[in-house]
Amino acid sequence: MTVFESLMNKLTEKGALHFSLLDPDKVTMDKFIELAKGAEKAGSDALMIGGSYGVNEGTLDNYIDAVKQEVKLPIILFPGSVAGLSRRADAVLFLSVLNSTDPYYIIGAQVQAAVLMAKHYSNLESIPMAYIIVGEGGAVGFASYAKPIPFHMEDVIVAYALAAYYMGFSAIYLEAGSGAREPVPSSVVAKVKRAVRNKILMVGGGIKSPEAAYSIALAGADVIITGTVIEESPAVVLKDIVDAVHRGGLRRLSNSNENANAWVNDK
């Protein structure tokens, strides 16, 4: 079973998943291992590893090898450049920054990475992902020369998500930016999810409280990603956020089942 299939099975059970994002460039290896173990203990469903700057294959290999000795969660690469690949990982988010103003981040880096994948990283499972940077955008917005879409321009965000849907991406990621002051609004999440239907909707950036996590999961996010809160907050905060993601997902599943039953009863 592939990583994607395994996560889809979990999604069917839980309604929403939580991924912990860890950046090897920001912490020592010992701290990195500590954070990974904390994420697993908190109930996170997968580890995303990567960053906007400064990560290379050698560093990734060492960090991933160390983490794999301590945790059993799937490790998914979230590369900020073609240097962010590692044979030690289980899968990679093969992403395109749809609203970058530089073609390199839309297709150029992907062409380079594709050749590397075919020649040297054939063991890595590829998960095609459309990356749409919204709100403040954070460091990744600067690094990828993106033009972040303001939250109030909901129709524009939906239009980009629809483009990803019709282009056949498996997953669509709405990114508000690492450490953003506000997360993607639930109203935006709900509209995008209605538009992209069965595609995996990922949401990250600025999610610092259980209340925000629950609201976003309930609105339609299939996967919620937190990174900064893992590095800056006590482990209990992460557990509360993970629990809130799963509660929101289960509530959404329950609502869907109730609506389906009501439709059947009306017939």
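Every residue gets a Cβ built from N, Cα and C, even glycine.
The feature Mg(2+) binding site is assigned by Swiss-Prot to D23, S52. Look at Swiss-Prot and you will find Y173, L174, E175, A176, G177, S178, G179, G205, G206, G227, T228 tagged as sn-glycerol 1-phosphate binding site.
The sn-glycerol 1-phosphate site in the record is lined by Y173, L174, E175, A176, G177, S178, G179, G205, G206, G227, T228, and its two most distant CA atoms lie 17 Å apart. Of all the binding-site residues listed (D23, Y173, E175, T228), T228 has the fewest other CB atoms within 10 A of its CB.
If you draw a 10 Å sphere around the CB of G177 (sn-glycerol 1-phosphate binding site), it holds 24 other CB atoms from the protein chains shown. Of the listed binding-site residues G179, G206, the Cβ environment within 10 Å is emptiest of other Cβ atoms at G179.
In the three-state DSSP classification, G179 (sn-glycerol 1-phosphate binding site) falls within coil.
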